[in-house]
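Here is the structure we will look at.
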């Protein structure tokens with residue numbers, strides 16, 4: 001089974017389709033990049049240990065003022081889906097030290113002047129392409145749909161092995177709205193994970209200035225894809241290591257990153273007082289610097 005992910009930058013016009021093995025059926029996760037990229041000439045020092053100021057400066061314009069994210073819910077969504085949305089919203093709002101609050105808006109009432117908000121929308125996807133999707137971060141002055149396709153939702157609910165799988169998927173999309181990009185597309189991801197040689201081109205590494213610097217690779221992030229069969233993704237240090245999560249929660253590093261973005265919490269390496277040496281491992285790790293999918297043809 002596969003997840004198909006669409007990415008589109010506001011700076012470019014093509015839509016690039018990416019895919020990965022994932023629990024459930026065929027999904028479209030539409031994470032449209034609403035961030036403004038740095039101007040020409042702005043570059044990080046290297047592929048690793050990029051300057052955090054580049055990310056922070058680009059994030060400011062796309063962040064939610066005061067950490068307030070207004071949302072509304074399509075009344076055509078089923079009670080089960082609305083329950084999952086409420087679960088995810090309450091989970092975020094009660095999580096300590098995130099400095100983010102999701103607030104429901106009610107059109108034509110006191111908050112009708114709010115122009116930037118998220119709408120959880122029922123979407124009529126199709127049997128061949130199951131769609132659960134949203135934009136990245138805030139887009140100024142407009143409604144921003146978080147699409148929940150009928151077939152996508154059905155497959156998530158039918159995954160009985162994971163009772164909170166629908167809640168996890170919704171929290172994944174909400175995390176994109178709060179500024180978290182896919183962990184498996186970090187510029188340093190090759191140091192940590194294997195991606196099938198025939199599919200590695202589908203998961204383009206994103207430049208460092210679109211990620212906060214100084215955080216360890218998070219195998220269990222809410223925004224890291226899972227893999228059913230270990231063949232599309234697996235960790236270098238342990239083929240059977242669990243990737244991603246399915247229990248409707250953040251990892252500790254997910255919460256740390258959101259707190260870093262909205263509360264001004266120090267990065268992981270700053271808290272550990274080891275930023276100067278944080279990326280030294282990359283100097284001797286050949287996987288970090290490979291230029292192409294130099295993997296064996298057979299699965300180990």
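All positions are counted from 1 along the displayed chain.
From the backbone N, Cα and C atoms, a Cβ is placed for every residue, glycine too.
Marked as active site by TrEMBL: 173. Annotation comment: TrEMBL describes 172, 176, 182 as Zn(2+) binding site. Summarising the annotation, TrEMBL assigns domain 'Peptidase M12A' to 54-264.
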Report summary line: So residue 176 (Zn(2+) binding site), by the Cβ count within 10 Å over all chains shown, scores 24
Query - Rounded Cα-Cα span from residue 173 (active site) to residue 182 (Zn(2+) binding site), Å - result: 10
